[in-house]
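The feature region 'Disordered' is assigned by Swiss-Prot to 1-62. What Swiss-Prot lists as compositional bias 'Gly residues' is 1-12. Summarising the annotation, Swiss-Prot assigns phosphoserine to Ser37, Ser39, Ser41. The feature tetradecanoate binding site is assigned by Swiss-Prot to Tyr131, with similarity to another entry given as support.
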Amino acid sequence: MKVKKGGGGTGPGAEPVPGASNRSVEPTREPGAEAESGSESEPEPGPGPRLGPLQGKQPIGPEDVLGLQRITGDYLCSPEENIYKIDFVRFKIRDMDSGTVLFEIKKPPVSERLPINRRDLDPNAGRFVRYQFTPAFLRLRQVGATVEFTVGDKPVNNFRMIERHYFRNQLLKSFDFHFGFCIPSSKNTCEHIYDFPPLSEELISEMIRHPYETQSDSFYFVDDRLVMHNKADYSYSGTP
């Protein structure tokens, strides 16, 4: 696939590139209630996540999530709605200025994965990631995010991701990427380019002082219907 360019935002850091964390990414289960273009003023703290007007709405389309002004209180679709069996198997972030890889996550091959007792499996396992970066991460200008994913035996038309980033429930930036068409039973690789506008010193200071209050929702659509929803939160303090 071609490299796709995003619409700006706050985000990913490394001589190592300033901002790269020595732990980089820590996959976890989602905390119960933890509570990118940049804002030029310090946001007012908002209330914690809560159920919104989209909860229970079906189907959910791109215009629905583009209207959201806070992090969602829960996932807007179930794992079972991923009928296309889209599976992200590798994720890499690099600083576009230096080319340095900041971190990389890769799923082991199916043959090497441990057997799972499905009765004990968290249905939302794998849908939440916690990121840990150093303060310099907030000053990067451009980052490339490479994703590698497989699809099942159905063709995937008009595959699209909308990713919305918030600090204390104030929208910082919305990214909109189009993957296009994916043939059945294929493995696909695509790099999205995130352009990050400058953040005010006041906002950077607040985001560093309040780890994990920067959060994001990633919505994935096929033919304008929501089929996957992932969440993440972020620390820029450089410590777990």
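Just so you know, the numbers here start at 1 and follow the chain as drawn.
Glycine is no exception: its Cβ is also placed from the backbone N, Cα and C atoms.
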Cβ neighbour count (within 10 Å, all chains shown) around Tyr131 (tetradecanoate binding site): 23
Secondary-structure category, per DSSP, in which Tyr131 (tetradecanoate binding site) falls: strand
